[in-house]
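K.L.:
Let me give you the structure first, and then I'll get to my questions.
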Amino acid sequence: MAALPVLVLVLLLACGGPRAAGQKRKEMVLSEKVSQLMEWTSKRSVIRMNGDKFRRLVKAPPRNYSVIVMFTALQPHRQCVVCKQADEEYQVLANSWRYSSAFTNKIFFAMVDFDEGSDVFQMLNMNSAPTFINFPAKGKPKRGDTYELQVRGFAAEQLARWVADRTDVNIRVIRPPNYAGPLMLGLLLAVIGGLVYLRGSNLDFLYNKTGWAFAALCFVLAMTSGQMWNHIRGPPYAHKNPHTGQVNYIHGSSQAQFVAETHIVLLFNGGVTLGMVLLHEAATSDMDVGKRKIMCIAGIGLVVFFFSWLLSVFRSKYHGYPYSFLMS
């Protein structure tokens, strides 16, 4: 009977020993991975990864940290303009986190270039770039862990909101100082001051109705075409299909747009406006009847042509819209 407690103790040690050793080995592997990531982050805010690094540090357990990965194609022969623009914003976000007082080892920023890790693209069945995915500390990425680039754009502030939503890590985006705005404002003030100085005795140009009307028209066209949305969201200029090479300038959803789409809509609105101006001049001017007829026909043609195109763009974004005019 005295040997029974000793036997039980031996059995417990025999069962718990391997488990404890495995747990200790797991903690050592995790510590090595975190130390390696921290060392790379201290040198570069965005860690460049190939297939081996991605599988070992992002996919393979154990892991108690989240990794935000940008899948991109930055090599010049890929001709991915959007990738370069998105990379600049991603670098701003990663640098803001790296130099933040709240920096911890709970989240890291990484990048996989197609030419350095094409096997990773194949493993994830990924066929477009740039793409942002959050690999959480526990479990596999869910649907919300893939960033909706076409809807939100790639501005660092938008990425920071998405990161906060997926990881509960709030990053205050700090951009490098941009002196372009103050310089342009100073140049504008200098031009205005120069005009006032040179024509101080004659300021009739300030009361020029045509000039003010043209300036107001430019402002209205810019605002109605979606320039302010672009400024806030920072969408890509266009989207190039990596397989077919086809470039899309019109976004297929009503919830997003490309910068090129703004320029197209501005052009169409400008064409309609020009047509209306010609119709007004044809009806009110004192020119001979022949010229007024030409202006009237040209005005009607511009309004019909550009309005049809504008309605066609609207139909392509709002699927199921029943009305069209000349163009489907």
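Each Cβ is built from the backbone N, Cα and C atoms, and glycine gets one as well.
Sharing the features that Swiss-Prot gives for it:
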- CYS80-CYS83: disulfide bond (DISULFID)
- 40-168: domain 'Thioredoxin' (DOMAIN)
- ASN64: N-linked glycosylation site (CARBOHYD)
- 1-22: signal peptide (SIGNAL)
- 23-177: topological domain 'Extracellular' (TOPO_DOM)
- 199-211: topological domain 'Cytoplasmic' (TOPO_DOM)
- 233-257: topological domain 'Extracellular' (TOPO_DOM)
- 279-293: topological domain 'Cytoplasmic' (TOPO_DOM)
- 315-328: topological domain 'Extracellular' (TOPO_DOM)
- 178-198: transmembrane segment (TRANSMEM)
- 212-232: transmembrane segment (TRANSMEM)
- 258-278: transmembrane segment (TRANSMEM)
- 294-314: transmembrane segment (TRANSMEM)
K.L.:
Taking a Cβ cut-off under 8 Å, which residues six or more beyond the ends of the topological domain 'Extracellular' (315-328) line up next to it in the same chain?
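P.N.:
250-254, 304-305, 307-309.
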K.L.:
If you count Cβ pairs under 8 Å, which stretch among 178-198, 258-278, 294-314 touches the transmembrane segment (212-232) the most?
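P.N.:
Result: 258-278.
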K.L.:
Would you mind listing, in sequence order, the residues at least six apart from ASN64 (N-linked glycosylation site) in the same chain with a Cβ closer than 8 Å to its Cβ?
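P.N.:
Those within reach of ASN64 (N-linked glycosylation site), by Cβ under 8 Å and sequence separation of 6 or more, are LEU30, VAL34, LYS106, ALA137.
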K.L.:
For the topological domain 'Extracellular' (233-257), give me same-chain residues lying six or more residues beyond its boundaries with a C-beta closer than 8 angstroms to one of its C-beta atoms, as numbers and ranges.
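P.N.:
Those are 73, 79-82, 85-86, 89, 127-129, 149-155, 158, 226, 264, 313, 316-318, in sequence order.
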K.L.:
Can you give me the same-chain residues 6 or more apart in sequence from CYS83 (disulfide bond) with a CB-CB distance under 8 Å?
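P.N.:
Expected: THR72, ALA73, LEU74, ALA129, PRO130.
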K.L.:
Helix, strand or coil at CYS83 (disulfide bond), per DSSP?
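P.N.:
The residue in question, CYS83 (disulfide bond), is helix (DSSP, three-state).
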